[in-house]
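Presented below is the structure to which this report refers.
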Amino acid sequence: MSAFNASPGASLDEWRSKASFDGGKMRAILQGGEDKLRLKDEYWQIMEKDPLFKKPNRHLSMEESRLLTHQRWKKVLEYGLPCDMYANYEGFSAFSDVLEEYDKGLQARIQLHSGVFVGALSSMGTERHKELIEKANRNQIIGCFCLTELSHGSNTQAIQTTATYEKGQLVFRSPHIGAMKVWSGNLAQSATHALVFAQLYVGGKCEGVHGFVVQVRDEKTHRVLPGLRIGDMGEKPGHFNCIENGWMLFEDYRCSTDALLNKGCDITADGRYVHAFKSDRDKRSVSLGALSMGRIGIVGMGVNACRAAATIGIRYSAVRKQFGPPDGDELPILTYPLQRRRLLPILAASICMGLFQDKMIDLFSQYMARLLSGEKSDELVELSKEVHGLSSCTKPRATWLGVAALAEARAACGGHGFLYISRLNELRDTYDPSQTFEGENNILAQQASNYLLSQKKQGIVSSPMGTTDFLQTRPISFKGWNADSLENVIAAYEWLLHYTLTKTEKALEDRKRRGDDAFTARNETQIDTAHPLALAYAELTMIKWAEEAVKEIEDVKCRSVLHQVVRLFAVSQLQPHLTLLYIGGYCTGPEFGTRVKEEQLALERSLSPECVALVDAIASPDFAVASALGTSDGRAYENMVADFFSREVDRAPFADDLLRVIEANKTKPKL
Ligand SMILES: Cc1cc2nc3c(=O)[nH]c(=O)nc-3n(C[C@H](O)[C@H](O)[C@H](O)COP(=O)(O)OP(=O)(O)OC[C@H]3O[C@@H](n4cnc5c(N)ncnc54)[C@H](O)[C@@H]3O)c2cc1C
């Protein structure tokens, strides 16, 4: 047995000893500050002690995973863990992070109710909906969000469900199967109430898409109410299998006009539609801003996907050895530049996007407070547009990076990465739909470029959060490499933003001059310029905000390492834009491209001794990561073997039948 105790892997502690910074200080910085970290650790400990939160080492059936999620949700309520954003914002924010890192399915189960349903009710409803919000906050009702329909997802303004004002009531109808509400999480089995979007008809006139809150199940029997049909959408990969995504049909479902979420609009007692906004555009932009909340949260999914990929990929690569110099020992695969190229940019992305998101959430909370107070200033309208524009490109950027990171980490872990117990494929499946929900990524990116185009057209060169201030700068092409690589990257991005913005604007004008309508012109100008414009806007803002956050760090050693991390994120994000920078004439000759590539290689080399300790600072506890390859003790081999030993096989359950076939084959004549 003693030979079994000798680990074939390298030591994670040896890697840790190479780091130049204090791990505790770094962890507090990267986990949202000491106060938030204290709360997170408190919640982690509660969950870790409870066997219900131990993750099974096998795929669960849909029924099993739903039951487990339901039981875990009940436990969360029993423990009084903070799910009400407005009652305890700090606790809610820390617990949301914990849930997000622990299990996306459980997080979605809770967030769809507490965040999306209650959030939309609070921002779009009024005094009339206060009692319902209080009930929701006490979990006396369970909410879901029904916007998407069978035949309309991205084109939300074209949804077909109707809510018609008839004899003092609202009557909901699904005029055809295309109008069936689909994908609504929590709807199929748990929800008692739904936030429904429908075309409002008053006096025979369509007033456009409005939000409504409707009861869908009886509060005592939990049966579906008359006038509604509800069902399940079936199996899905990853943690979302535990979410009951449902469908719903309205068959003359009647309810009171109180269902209308009437912030800024209403139906009067004598049956007239009224609204108080200066213009339809302003009305839309305020409600759009409120709906940005989900998208900003989803940036966090990209962050967590990158964190999980970096944690599992880097810890395993630090332990796993293959090959070595002719006369020496085998080396940990993390020492190979090719392997570092796969994983260190992911680590840098997780850290920088995390720092960006911390600031975004802070600013968004201030924005929401102003929105909820009923403010209707011009500046708030501008801020709504900026929040919408920025969340519309950072959500795609973060989620694309996150899903790609998990696929890369899986391959970077070789064959063992493919085991269920590595969790990497399950995580990839889990984060996969983040590219689609709360706005499909390609569609959202268009909204970000539209925002920038409209700012430029109106001559607005600065914005409330400062993200469009690059419009004040004069684009200057590359004149020579500065000592600080970040200055080079920022200058290149600012040039690229001007270039892609001007190109898109010109391409649109050219197309319109040649007779294209606005719709066609917009579609035909997406690929080469508008899409990179949106991505560059997201990346530059992430880089700048991450650098600003790092500059404020007091601890010199942590700050110094994180400065390098921001630079690695910056150069690795810029690399895919090199072609456009050369095509557009920002640079000619090899210098710029070569320096960007050299800089990335050098940063990956210098961050190599820091990376295991950096992973410790961002990683969730072992019971939450639950990856045999990614535990903090570096015992990847022992973890795998423990799982293999639990599956020792003597005789197959189908052995009798197998023997019968073998016997029969023995007596079969040769062909
Ligand atoms: C796991 C999961 C959970 C969900 N939860 C909810 C929920 O709780 N409530 C809810 O209401 N919805 C929910 N959704 C639905 C989700 O919001 C929609 O799937 C999403 O908005 C995209 O819509 P769609 O699926 O209809 O895609 P489509 O709009 O049909 O898009 C399909 C493809 O066409 C492309 N495309 C469409 N138009 C254009 C164009 N003009 N230019 C270029 N490309 C275009 C898109 O980019 C995309 O690649 C959920 C979805 C998933 C997967």
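Keep in mind that glycine also has a Cβ here, set from the backbone N, Cα and C atoms.
The following features are taken from TrEMBL:
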DOMAIN    25-142  domain 'Acyl-coenzyme A oxidase N-terminal'
BINDING   Thr148, Gly185  FAD binding site
DOMAIN    289-453  domain 'Acyl-CoA oxidase C-alpha1'
ACT_SITE  Glu438  active site, proton acceptor
DOMAIN    486-646  domain 'Acyl-CoA oxidase C-terminal'
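Known features from TrEMBL, placed on the structure.
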residue : record                       : Cβ neighbours (10 Å)
Thr148  : FAD binding site             : 20
Gly185  : FAD binding site             : 25
Glu438  : active site, proton acceptor : 23
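Rounded to a whole number, the C-alpha distance linking Thr148 (FAD binding site) with the residue listed as 'active site, proton acceptor' is 10 angstrom.
On a Cα basis, Gly185 (FAD binding site) lies 12 Å away from Glu438 (active site, proton acceptor).
Taken through DSSP, the domain 'Acyl-coenzyme A oxidase N-terminal' (25-142) splits into 88 helix, 0 strand, 30 coil. In the three-state DSSP scheme, Gly185 (FAD binding site) falls into the coil class. In three-state terms derived from DSSP, Thr148 (FAD binding site) belongs to neither a helical nor a strand segment and is classed as coil.
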